[in-house]
Structure formats: structure tokens, C-alpha cells
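**Student:** Got a structure for you, questions after.
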Amino acid sequence: MATIRADEISNIIRERIEQYNREVKIVNTGTVLQVGDGIARIYGLDEVMAGELVEFEEGTIGIALNLESKNVGVVLMGDGLLIQEGSSVKATGRIAQIPVSEAYLGRVINALAKPIDGRGEIYSSESRLIESPAPGIISRRSVYEPLQTGLIAIDAMIPIGRGQRELIIGDRQTGKTAVATDTILNQQGNNVICVYVAIGQKASSVAQVVNALQERGAMEYTIVVAEAADSPATLQYLAPYTGAALAEYFMYRERHTLIIYDDPSKQAQAYRQMSLLLRRPPGREAYPGDVFYLHSRLLERAAKLSSRLGEGSMTALPIVETQSGDVSAYIPTNVISITDGQIFLSADLFNAGIRPAINVGISVSRVGSAAQIKAMKQVAGKLKLELAQFAELEAFAQFSSDLDKATQNQLARGQRLRELLKQSQAKPLTVAEQILTIYTGTNGYLDSFEIAQVRKFLDELRDYVKTRKPQFEEIISSTKIFTEEAQALLKDAIQEQKELFLVQE
């Protein structure tokens, strides 16, 4: 028979007492009062923070947006079909954040930074808050480096700098997304990280953009954040902030980033839906009163950082759709007032075959020539002036039949300059190619050609300079100045190519 040893028992009891961990776990909980339309009303959750994540019994996550005296209004990040009245909810003590890392490059993710491209999990050791404050005044420096889009009309006349916010605005089907994707393609080899945020788009449109980027090798330096039109309003509202958090991760690591929001007016509609369901008072066009703040806090995160912070940058290109050219609607005017300029795309120009359909007259960049290299400044000034004079003359010439020779020549020159601004989609030009194209047009070398021949001649001239006069591109890229030597090389090339072209024709 086993003997009971009192000292052993007392030792065991003593050990257990010493190991006893008096950890008290306080959980902030509540009860679901009602649920529906992506909104839940919760009783309890007394100490919840505004914007805090809450977790429902069946696993759905929500964000506490309305903190009222009797209940808490929560927006759901999912369909919430399994949430029942009376089920419990607990506060997590966390604000919405996402994992961030280099591994996101080349991937398609949703607003919660979960991959949706079927290529497995993305591993990351760091995270960032989805909503983080924009850099302050001391943390910034003025924009001075160009961000080349590869489109002559933009780089010459409406230049965009690294750290700028430039709005792309126009009616549907005028090529807004094409301008943005061409800009992404043109960043190849420029060490710029691109983030494309698709908000409330058709899934087929997003797939088209992703395929176009993959075919041309641009996905290597691009992240696509997509929330399609059938996504919950909460996720459409969060998607742009997720994209901004990813771009900021690279910006604070001394990298240059480009972020495209396509389009913030869909985000505003999702936010309006959430606000109305939460019974917040509606304002103009039924948008809530803080819809301006919705976009300003997003776009202010784009910046050119000071040298103390490493001079990283985040350039934002929001895309806003207008209804039959009306830029005085609520969301367009809001975004115009926040951004540093706008590129206006016109349906009339698009239908007239001028593509990209940029209306140079009413488009503007508030950074201006600070975002251009010296070589571009040398040739672009004349182009702007001549096109402005041509637009004026063309309007006047409609009412007059007999024009003097000088006016006819000016009109002919203007038509050829307009022709040289046309570009095919997904064929961005280098700075050197743009400079030689503009120089050829503004110095009258195209005047002897028929309008239909202009684009063909310019294509052949660019190929000729690339193969026969490679020194031209070397001079422009190394000195950033359109030197006399470069000018002499270009004049020779134009003359030689002109002779070859006339023989072929």
C-alpha cells in the first residue's frame, strides 16, 4: 500500500501556488441589437474607440464609426449574413491596420491586404495603420523632380513632379485609365514603385489593366489594390487608404512611389451609403458633411519628403469621372481644390480622333516647369505658345473665308503640332524622343508634309535617331540640357530622314 508523504504534497501545493498566474482578462463586449445593409447596431461596448475594430461571434470584423449614447453603429467588412440579433461582439483594442512588405510587389490584393490573385499567401513582418497622418510642413520639401508619364501633351505642357497630386478628370470612356496605365508603363527602369487602386470598378476592367501591365513586365514594380463594384461599401471606402499605406511604406524607405486612385468618386458614393445607413445627416447631393475630409486626408498623404527623411516621394493621380463635362459637381470641385492641378480629358477631342484626348487649354499643373528638366523647358515653351495661338485662330477662322498667307501658315503649323501630340496607347516616349518630336514640329520641319504623313514621319525619325544618332539620347540623359551639339545632331537626322522619307513616298 502506497504511503502518503505530507512533505511531497505540501511541495506540490507550494509549487502550484507559486506558479499561479493572477491574470485578469477584461473584455469589452456588447450585444447585437439589429443588423442589415452592412450596418450593425450594438448595445454595450462602452469603452470602444472611434474607428476601432470589433469582432462578432461568428468571425466577421467591423469598424465602430458611430459612438452614440444608447448604442454603437458598426460598419461590417463582409456580408455579415451569419450575424444574429442578440449575439455577442467584442472590441479588439486595435485600429484598422494592414501588413506591409516588399513581397506585395506584383500582387493583386483587396482592401484588407489579402491576396486575390490565387498565388498564395503574402508573408510580412511589419504592419502600418490604414489611416496614418500626412507628413507635416517641416517633413516636406517643394516638388522639383519630374515624374515622366511618357505622353508628350502632359510632360511638355502639364508636367507632373514627384510628390505632386494631379487630378485626371473627364467623362466616361475618354481614356482616363489609359493615361494612368501608360504612366505606370513609363516608370519601367526608373526605380518607381506603382500602386493602382481600383474602387468600385467592374472586375473585367481591373483584369484588363492587370493583363496589360503583366504583358509589358510592369507588374514587377506594381501593386494592384482592387475592390470591385460588388464589394461591401466598407471595403470600397477603405481601399484607397490601404493603397496609400502601402505606398507610404516605400516612401519612408527613401523610394519614389506613384499611386493611382481609380476613382475617388466611387469611394465617396460608398461612404455616402454607409453614412446614410448610420443615419448621419445628409448634405449637398446627400453626401455627408465630412466628404471633403474623406478625400483631403487621403490626398494630403502624397508628398515629397525632406532630405532629413530621405527624400522619398509619393505622387498621387486621382481619376474622377464627370457627367457630360460638368466639373462643377460636388466631388469634382472638392478634388480639384485639393490637388495641385488637373488633366482634363474631353469627349469631343476623343471622338475627333485626338488621343490622348487632353484639353491643353483648361488643363493645368500648379507645379509647372519646376517639374521639367532644362532640355524640356527649352523646347516646351514655344509649343505651349504656338498651340494657344492656334486654338484662338482656329475659332476665329471658322467665321472668315479669306485669310492672309501668314494666318494660313500658322493654322497649318498648329494642325501639325496637334498631330504630333497624338500617341498610341501603351507606347510611352522617352524624354529624348519627346524633345526631338517637339523640336521637329515647332521649328517648321513638318510644315512641308501632309497632315496624314506627320505621325508616320515622326515614328521613322525617332527610330532613325535611336539607331543612327545614339549620342543624341546620351547627351540629353547625361546633361539634361538640349545642347548645341544635340541640336546639330538632330538637325542632321531630320534632314537625312526627310530625304529618305520623300524617296519612299
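Any Cβ shown, glycine's included, is placed from N, Cα and C.
According to Swiss-Prot, the feature ATP binding site maps to G170, D171, R172, Q173, T174, G175, K176, T177, an assignment based on sequence analysis. Positions annotated as site 'Required for activity' by Swiss-Prot, on the basis of sequence analysis: S363.
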**Student:** Take the mean position of the Cβ atoms of G170, D171, R172, Q173, T174, G175, K176, T177, the recorded ATP site. Which other residues of that chain put their Cβ within 8 Å of it?
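**Tutor:** Other same-chain residues with Cβ inside the cutoff are E321, L345, A347, F350, A357.
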**Student:** Taking the Cβ of K176 (ATP binding site) as the centre, how many other Cβ atoms fall within a 10 Å radius?
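**Tutor:** K176 (ATP binding site) is surrounded by 25 other Cβ atoms within 10 Å.
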**Student:** Have a look around G175 (ATP binding site) and count the other CB atoms within 10 A of its CB, chains all included.
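**Tutor:** A count of 20.
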**Student:** Among the recorded positions Q173, T174, T177, S363, which residue has its Cβ surrounded by the fewest other Cβ atoms within 10 Å?
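**Tutor:** Checked Q173, T174, T177, S363; of these recorded positions, fewest Cβ neighbours within 10 Å: Q173.
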**Student:** Can you tell me how far the Cα of D171 (ATP binding site) sits from the Cα of S363 (site 'Required for activity'), in Å?
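**Tutor:** Distance between the two Cα atoms comes out at 14 Å.
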**Student:** Near G170 (ATP binding site), how many other Cβ atoms are within 10 Å of its Cβ?
**Tutor:** 26
**Student:** Can you tell me whether DSSP puts D171 (ATP binding site) in helix, strand or coil?
**Tutor:** coil
**Student:** Cβ atoms within 10 Å, counted per site: which of D171, R172 has the most, among these binding-site residues?
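**Tutor:** In terms of Cβ crowding, the pick is D171.
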**Student:** What does DSSP say about T177 (ATP binding site): helix, strand or coil?
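**Tutor:** Helix, per DSSP.
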